[in-house]
Amino acid sequence: MTCGFSRADRSPYHGPVTSTVARDVSGVRTYQVRTYGCQMNVHDSERLAGLLEAAGYRRAAEGAEVADVVVFNTCAVRENADNKLYGNLSHLAPRKRGNPEMQIAVGGCLAQKDREAVLRRAPWVDVVFGTHNIGSLPTLLERARHNKAAQVEIAEALQQFPSSLPSARESAYAAWVSISVGCNNSCTFCIVPSLRGKEVDRSPDDILAEVRSLVADGVLEVTLLGQNVNAYGVSFADPALPRDRGAFARLLRACGEIDGLERVRFTSPHPAEFTDDVIEAMAQTPNVCPALHMPLQSGSDRVLRAMRRSYRAERFLGIIDRVRAAMPHAAITTDLIVGFPGETEEDFAATLDVVRRARFAAAFTFQYSKRPGTPAAELDGQIPKAVVQERYERLVELQESISLQGNQALVGQTVELLVATGEGRKDSATARMSGRARDGRLVHFAADDRVRPGDLVTTVITGAAPHHLIADAGVLSHRRTRAGDAHAAGRRPRGVGLGMPAVGPPAGPAQPVGCAS
């Protein structure tokens, strides 16, 4: 669906405004991409940046307030994401009036949901595009400029797998790799399946080709992305045969055979799809990190049933027990929702009990957000805000104490860190650098000026807090890497997908490396 809207005076702001649009010194139009939401959106934003650079735009200078083109890649999971977007759009309205050549585009899940309503709430927006057609952005910008009319284009199904598009990667040392898009589950609180569509999987050959290309550019760590990664393979399975649930485990093992790939992570698995062969692949593949992020959402079986989460608390805890039996030092994290409609104090107590038993390294805890269009929004028993807030605070307090105890147990241990940038907000004040341990924990450490983001160091943990570790005893070893060289030189892997000509069964050559059925 494509619509054009006339460019009358649509801004509610009047009067002269001095433009601060960041035009490149060479006259090239500049861009910014502002991202809300999950890792999938972060990776999609790399694709949007790659598309714009391929079309001749240049990223605005660091610290520039605005650019010639500002793209919002949005989230629709929580109400505060809506409010934040429309608030930021309002802040840009006077700048837009001061420079009519400036363009504003809104994409992602909220755009897929709101469609033309984006223009009704923010009529100074130039382009609205959805989750299925991010490759259309440069064309839509040009069409809006030429026609002097806003363009709304929302596709109802995936037009082109995002990983086949150009990419401007944010990191020289770590990369996202999509293995699937969409979701076949029907959780009552979640709007994502209606916005991202049914699950569509890439073939193993295409995924491994992209990973090899990234490693050739110096990348040390990849994170395999999907709404439900351990359902991988469902879209190219033969419906006439029994479901083969081993495709994701084989993909992990195949990543283990790629020389130069030091770390493999993945997010997020669904407990109902979690099989023992994935645990075995994690434990037996040296470069697969001992880290698991698996959403629990609630510890109450009654609430899980109302959420349409097709597992129960004991099954979830059983998976954790088997993971820890295979990898005793694995860091396990989760997502939790407080205040789902109908949640009683007894239900909440069940969640607290599971959290105590699970001993998560960390938990991303959310207050239930009522989303129009989801079954949960129509349920009776919506919980008063004050009750939700009180339960939320109790849960956070419990989890923070568990996280602190787990981190304190690591004091004195030696860890390997992949040095990162942007992870430590106080690094400049504390003269520390930051990095991630193999289990995903954040460590702030004392280093000298020879250590660069992208390098690997070992150090000893000397202190702990709920959300990070401290290593002030100095660096024990330092390995300079090609990723560190690339970061120092300002180079990023381009990461163009190496062939996503179709979504479907893997080609024949995948079988020898363990990914074909």
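Residue 1 is the first one shown; counting continues down the chain.
Glycine is treated like the rest: Cβ placed from N, Cα and C.
Annotated features in Swiss-Prot:
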DOMAIN    29-146  domain 'MTTase N-terminal'
BINDING   CYS38, CYS75, CYS109  [4Fe-4S] cluster 1 binding site
DOMAIN    169-405  domain 'Radical SAM core'
BINDING   CYS183, CYS187, CYS190  [4Fe-4S] cluster 2 binding site
DOMAIN    408-475  domain 'TRAM'
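In sequence order, CYS75, VAL77 make up the list of same-chain residues 6 or more apart from CYS38 ([4Fe-4S] cluster 1 binding site) whose Cβ falls under 8 Å from its Cβ. For CYS190 ([4Fe-4S] cluster 2 binding site) paired with CYS109 ([4Fe-4S] cluster 1 binding site), the C-alpha to C-alpha distance reads 12 Å. Neighbours of the [4Fe-4S] cluster 1 site: apart from CYS38, CYS75, CYS109, residues of the same chain with C-beta atoms within 8 angstroms of the site's C-beta centroid are TYR36, GLY37, MET40, ASN41, THR74, ALA76, VAL77, ALA81, GLY108, LEU110, VAL192. Counting in whole angstrom, CYS183 ([4Fe-4S] cluster 2 binding site) lies 14 from CYS109 ([4Fe-4S] cluster 1 binding site) by their C-alpha atoms.
Fewest Cβ neighbours within 10 Å among the binding-site residues CYS75, CYS109: that distinction goes to CYS75.
With a 10 A radius on its CB, CYS183 ([4Fe-4S] cluster 2 binding site) counts 21 other CB atoms from all the protein chains. CYS109 ([4Fe-4S] cluster 1 binding site) and CYS187 ([4Fe-4S] cluster 2 binding site) are 17 Å apart (CA-CA, integer value).
The number of other Cβ atoms within 10 Å of the Cβ belonging to CYS187 ([4Fe-4S] cluster 2 binding site), over all protein chains shown, comes to 21.
CYS190 ([4Fe-4S] cluster 2 binding site) counts 20 other C-beta atoms within 10 Å of its own C-beta, drawing on all protein chains shown. Compute the center of the Cβ atoms of CYS183, CYS187, CYS190, which mark the site for [4Fe-4S] cluster 2; besides them, the chain residues with Cβ within 8 Å of that center are ASN185, SER186, PHE189, ILE191, VAL192, PRO193, GLN227. Residues belonging to the domain 'MTTase N-terminal' (29-146) score a mean pLDDT of 91 in the model.
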